[in-house]
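Written below as structure tokens is the structure these notes are about.
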Amino acid sequence: MNDTIAAVATPLGKGAISIVKISGNNALNILKQLTKKQDFTPRYAYVCDIFSNNILLDKALAIYFKAPYSFTGEDVCEIQCHGSPLLTQNILQACLNLGARLAQAGEFSKKAFLNHKMDLSEIEASIRLILCEDESVLNALARQLKGELKIFIEEARNNLLKLLASSEVLIDYSEEDIPSDFLNEVSLSLEKQIASFKDLLDFSNMQKQKNKGHALSIIGKPNAGKSSLLNAMLLEERALVSDIKGTTRDTIEEVIELQGHKVRLIDTAGIRESVDKIERLGIEKSLKSLENCDIILSVFDLSKPLEKEDFNIIDALNRTKKPCIVVLNKNDLSPKLELEVLKSHLQIPYSMLETNTLNSKACLKDLSQKISAFFPKLDTQNKLLLTSLAQKNALENAITELQNAKNHLETLELFSYHILSAIENLNLLTRPYETSQMLDSMFSEFCLGK
């Protein structure tokens with residue numbers, strides 16, 4: 001980690017500006033040779049000519065950040081040049097020719113971590129912030145990058161250290177009875193701490209589900225209007241629509257966004273009794289999709305009375321016990337479907353929508369609202385967020401240890417053991433891992449210039 005490294009810090013491609021970043025003991029010397037300028041005041045921007053082997057490459061902006069007051073904690077130099085990919089690579093190559101090494105993925109951030117400029121929670125936040133596509137999460141990630149998760153964990157750790165110290169004092173005077181007020185006070189303190197951890201964990205789990213996307217299966221018997229519904233929601237002809245039964249023989253998946261939530265639409269084969277082997281396989285996949293989805297859109301044909309196939313679908317819906325939106329299609333035709341019978345057989349949470357123009361704006365707006373009603377309401381204001389499986393596992397283990405400690409309040413040695421184990425798990429959220437392999441895995445998610 002003592003090498004001087006260099007990399008392009010901006011995305012590849014043409015643009016107004018590209019940034020070449022250098023970090024290490026030799027960074028300033030390399031900048032001086034590139035610019036043929038000897039004096040750089042830290043944190044001042046200089047317009048400089050950039051040279052390579054005495055050949056002028058560009059007129060650019062150069063900034064020097066003196067250690068330890070830089071992102072990495074080392075001497076850092078930035079060259080903000082014109083955004084030509086060829087020019088940028090030539091400037092980077094000039095840095096390498098002068099003794100810098102090409103940075104590995106995430107190596108700048110790794111230097112920042114090892115030089116105590118950032119902790120693990122801030123590193124995790126910066127990774128997720130770069131990859132984030134959900135506007136509602138940006139605030140939580142920005143607060144984590146600012147260090148608020150670290151502060152939250154440090155406060156919890158300090159509270160637990162106080163409990164541990166009190167317990168150790170009582171162990172030294174083990175011949176005396178444990179004061180009842182101590183037991184009550186510690187029990188309440190642990191309950192409060194466990195509740196705050198669970199709140200963080202629950203919010204993070206819900207946000208993870210939101211990022212993954214809600215799976216929405218569209219089912220119904222053949223020609224009920226499933227594919228028309230999918231096409232209307234996508235605003236394109238994604239699925240083939242035909243009067244011939246069994247046209248859709250496999251599931252079709254597409255992703256849309258509804259009110260800030262990612263939704264995976266799954267159009268399925270029409271459910272009916274069939275002798276066609278391929279169609280039967282499609283129907284089996286349709287029924288399987290009900291097990292794996294979060295919400296169901298079940299399309300019924302209002303112009304036809306309920307048939308055996310409809311009741312088979314209703315039975316399948318009831319077995320899933322999942323929320324359902326019942327779409328009653330073709331209400332412009334003479335209604336023959338026994339609506340009250342349908343309602344009486346449904347044993348799951350559902351809402352209902354009638355339409356015959358599945359591509360109408362009013363219908364789609366109504367349908368979107370009904371779908372969104374099933375989404376969990378996430379209040380992201382003033383919320384912290386766990387951004388990795390490692391963080392989640394560490395906090396879950398800490399909660400388990402605190403619950404164990406609460407169950408052993410009257411056995412101080414066991415109580416202290418579980419409190420100490422909880423503290424060790426909290427350390428994993430913000431403090432260094434013991435293995436370089438885990439560090440390398442985490443930092444490899446970054447680009448070269450980060």
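Keep in mind that glycine also has a Cβ here, set from the backbone N, Cα and C atoms.
Worth saying up front: this structure is predicted, and the values here are computed from it rather than measured.
What Swiss-Prot says about this protein:
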type: BINDING; residues: Lys21, Glu78, Lys117, Lys450; note: (6S)-5-formyl-5,6,7,8-tetrahydrofolate binding site
type: BINDING; residues: 223-228, 242-248, 267-270; note: GTP binding site
type: BINDING; residues: Asn223, Ser242, Ile244, Thr247; note: K(+) binding site
type: BINDING; residues: Ser227, Thr248; note: Mg(2+) binding site
type: DOMAIN; residues: 213-376; note: domain 'TrmE-type G'
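The most densely surrounded of the binding-site residues Lys21, Lys117, Asn223 is Lys21 (count of other Cβ atoms within 10 A of its Cβ). Counting every protein chain shown, the number of other Cβ atoms lying within 10 Å of the Cβ of Ser227 (Mg(2+) binding site) is 25. Cα-Cα distance from Lys117 ((6S)-5-formyl-5,6,7,8-tetrahydrofolate binding site) to Ser227 (Mg(2+) binding site): 54 Å (rounded to the nearest whole number). Summarising the environment of Lys226 (GTP binding site), the number of other Cβ atoms within 10 Å of its Cβ, over all protein chains shown, is 30. DSSP assigns Lys117 ((6S)-5-formyl-5,6,7,8-tetrahydrofolate binding site) to coil in the three-state reduction, placing it in neither a helix nor a strand. Long-range C-beta contacts of Glu78 ((6S)-5-formyl-5,6,7,8-tetrahydrofolate binding site), restricted to its own chain and to partners at least six residues apart, with a cutoff below 8 Å, comprise Ala9, Ile19, Val20, Lys21, Ile22, Ala62, Ile63, Phe65. Summarised as a single figure, the pLDDT of the domain 'TrmE-type G' (213-376) averages 74.
A strand conformation is recorded for Glu78 ((6S)-5-formyl-5,6,7,8-tetrahydrofolate binding site) in the three-state DSSP classification.
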